[in-house]
Amino acid sequence: MTKRVEISASQLVTLLFLSRAFTLLTYSTKTDQISQNAGIIFALALSAMLYVAALIPTFLLVRRRRDYSIIEWSFAVKPWFGKGVAALYFAFLVLVTANTISHFEFFLTSSIYPNASPTLFVVLFLLAVAYAAYMGLEACARMSGFVFWGVAAGTAFLFLCLFQKADPIFLRSPFSIDLKTTVATGFSGVGASLEITTILLLIPMVRGNLTKASGALSAMIMVYYQLISVFAITSLGEYAQSHLFPIYSMAAVAEFSVMQRLDSLFMAMWVFIAFVRTALFFYLAVHMLGYLAPKPVASRGIGIVGALVLLISLVLANNYQAMRLIRSFFASGIAVVLFLLVVPGIVLCTAARKKEVSQ
């Protein structure tokens, strides 16, 4: 493997926060289901607590060895187990990258450029992402800092412009909401947090306090989701369900002085967020190839991963049912449970057993 790169804990937070924000900003009533009332406030608080709880096995691994990723830990169990985990991660990362690109294309061709070619958007965006991955994780992390503050400023400005249009009457009392639905929404929020699975791969690349970073990430995601959800509900009301992309529609109804629509601001934020998220998953997919293939093959990782992502992205872009199936799989939480609980659990049990034997 090549020399370890290093990013700060704060850069890790911005990378993963932006990756999660992509899911919210591209929420679609056609492909997603989520509570659209005041119950979302409680659901997001539950998600934040579950988010941290799901990372407990990760914290335990960090306490044992900070210089090991989950892949090194898996190889320490058995070489075949390490190869298997690396292969699962590789397939997962490629699929997430392709799904993000296809969803990027779906949003643009559905709401902005309905007559444009999906292939054009997929190819151009993939080329930009591949170049970012070539530049490395450190470059992506530095860029994420600028994007984060730009998104923070843009979101604050958007909220300011929406303040007069927001009507609290649409925010029904959370005590009138079905508890089962609220709890289900809370669990699904964690299940769809695909970015959280990358922490186990990034551990040896991050300097700083991972525990504090994880807590800050969870809190930031909860607050951002709550603010966006409340403003979307209060500004769009019952019409939110009739919009294909309600968060985009929320930006479209915002006004400031002579600017009658702020959807262009939303688009700028969203494109950069999509770029950061896709570059992160693409880079990690290339990184995984180094564990699976001989060095001559792994050295062509960007081209290999790029070809796989292009093929899957084009299939998803031209097959709505396949896209929905993939998104349903990601929303199910299977990937989060597998990579955050099952694999670390096996590693921890094996490490404990070896310690007992040595004693």
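Just so it is clear, glycine is given a Cβ too, placed from its N, Cα and C backbone atoms.
Any TrEMBL annotation is an automated prediction that lacks curation.
The transmembrane segment annotation in TrEMBL covers 39-62, 83-104, 116-134, 146-166, 186-203, 215-233, 265-285, 297-317, 329-353.
In this chain, the transmembrane segment (39-62) lies out of contact with the transmembrane segment (265-285); the count of Cβ pairs under 8 Å, excluding pairs fewer than 6 apart in sequence, is fewer than 3. In summary, the transmembrane segment (297-317) does not lie against the transmembrane segment (186-203): fewer than three C-beta pairs, each 6 or more positions apart in sequence, are under 8 Å.
Below 8 A, the CB atoms of the transmembrane segment (116-134) and the transmembrane segment (146-166) form no more than two pairs separated by six or more positions in the chain, fewer than 3 in all. Annotation: stretch 186-203 has the most Cβ pairs under 8 Å to the transmembrane segment (83-104), among 39-62, 146-166, 186-203, 215-233.
Same-chain neighbours of the transmembrane segment (329-353): 32, 54-55, 57-58, 60-61, 64, 70, 73-74, 76-77, 81, 85, 88-89, 92, 96, 99, 187-188, 190-194, 196-197, 200, counting only residues six or more beyond its ends whose CB sits under 8 Å from a CB of the stretch.
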